[in-house]
């Protein structure tokens with residue numbers, strides 16, 4: 001009999017389970033599939049946004065969007081279009097019920113376990129295909145899958161020593177090439193991230209204003225040191241580059257952010273005579289805070305276009 005057996009909601013960044021259906025089947029096959037669930041959860045950020053893993057008599061399907069992945073286990077003969085329509089419904093309901101701030105800041109497993117009620121209701125409906133009243137959605141999803149089929153993960157790939165590191169730039173049927181590192185999407189912006197971005201812009205503006213004032217002073221007094229002008233403009237460039245690193249993904253992003261923070265510290269050390277301790281503390285603290293936010297905002301898989 002074709003049917004959905006279980007489903008779970010997992011955070012892409014670190015594989016933290018946010019919710020799951022309560023299943024009581026303790027068969028050997030189900031236990032093995034739960035192991036695959038855990039292995040996939042650790043690799044979600046490196047995988048395409050829509051995948052299928054075939055494990056003998058069972059299939060594991062999942063979609064990822066906005067930093068959250070929706071996974072389900074079904075029998076091998078369960079229709080693929082129904083499986084992804086089921087996941088699409090979970091995604092829409094979860095996005096409507098919980099905001100991104102809650103999912104990004106969750107620290108304990110299954111903190112949204114009450115979502116299991118919706119999973120169970122939807123699972124029962126999809127296991128009784130005669131009661132489904134989503135023919136239009138099924139048609140749309142069938143077209144979507146034909147145009148961009150899910151990536152087929154093999155068990156051998158899942159168990160390989162190198163994992164899925166090659167999938168971040170691999171080509172899979174119907175989707176072309178997955179975005180390489182320079183165009184990879186980052187996780188959704190959090191409130192601390194927005195604050196750090198604004199403060200970095202503020203520090204850059206302050207450095208720019210002081211730089212122009214230093215130029216005016218230099219023109220009026222020939223004895224002024226031109227190196228102060230350079231230090232102010234370097235500080236401006238470093239602050240703006242922090243904003244760039246926060247918004248866009250680049251190669252060696254974390255290393256660049258730490259080097260950039262070092263430049264901010266050096267500029268402020270050189271400008272010690274022109275700034276009081278509070279000003280120095282403000283600029284260095286903002287630089288450190290922005291560097292932390294760049295480090296915390298990690299890349300994620302490509303978000304699907306499921307007409308949400």
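Numbering starts at 1 and runs along the chain as it is shown here.
Glycine is no exception: its Cβ is also placed from the backbone N, Cα and C atoms.
Because TrEMBL annotations are produced automatically, they should be read as predictions rather than curated entries.
Range with TrEMBL annotation transmembrane segment, chosen from 163-184, 229-250, 251-272, is 229-250.
Of all ranges given (189-209, 273-293), TrEMBL attaches the label transmembrane segment to 189-209. Within the model, the domain 'Longin' (8-119) shows a mean pLDDT value of 85, rounded to a whole number.
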